[in-house]
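The Cu cation binding site annotation in Swiss-Prot covers His63, Cys101, His104, Met109. Look at Swiss-Prot and you will find 28-116 tagged as domain 'Plastocyanin-like'. Per Swiss-Prot, the feature signal peptide maps to 1-23; the stated evidence is sequence analysis.
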Amino acid sequence: MPLKFGLIVATAALIASAASLMAADHQVQMLNKGTDGAMVFEPGFLKIAPGDTVTFIPTDKSHNVETFKGLIPDGVPDFKSKPNEQYQVKFDIPGAYVLKCTPHVGMGMVALIQVGDNPANLEPIKIAKVPNMVRKRLDADLAQITPAQITQ
């Protein structure tokens, strides 16, 4: 009996370990200046799989990451890091997530994370009333979602 129980525990541990190995951790830097200009998340667009995590790294000071109200999938709770805090988020629910740096959103400091294929919540992002610099960056990020991935 103890051998059978031990095999069950070992099998469960192996399955859990394999599942965690499949999930990836992506890194996004929060920068004063990057390849896309001033006040940017780099990369500004990221496509990940459900279950992956993203670590937001305040490479330069005075940055944070926060969900953009109404521009994340339904049922996902909002989150907000403190300034200068490295912050990790696990993305389980498929969809498009618009994130911002609270102090620098007026300068266009936003990021778009696509979780899985066929994000169903693109329309609210496309029509959202946001500052001009935010719209410019969001439109560039939205263009990286290929038409085959867009739900009509």
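Positions of Cβ are set from backbone N, Cα and C atoms, glycine also.
Other than the site residues His63, Cys101, His104, Met109, same-chain residues with C-beta atoms no more than 8 angstroms from the centre of those residues' C-beta atoms, the Cu cation site, are Met30, Met39, Val40, Phe41, Ser62, Asn64, Lys100, Thr102, Pro103, Val105, Met107.
Residues of the domain 'Plastocyanin-like' (28-116) grouped by DSSP class, helix first, strand second and coil last, total 6 helix, 43 strand, 40 coil. The Cβ of His104 (Cu cation binding site) has Met39, Ser62, His63 as same-chain neighbours under 8 Å, each 6 or more residues away in sequence. Long-range C-beta contacts of Cys101 (Cu cation binding site), restricted to its own chain and to partners at least six residues apart, with a cutoff below 8 Å, comprise Met30, Met39, Phe41, His63, Asn64, Val65, Glu66, Met109, Val110.
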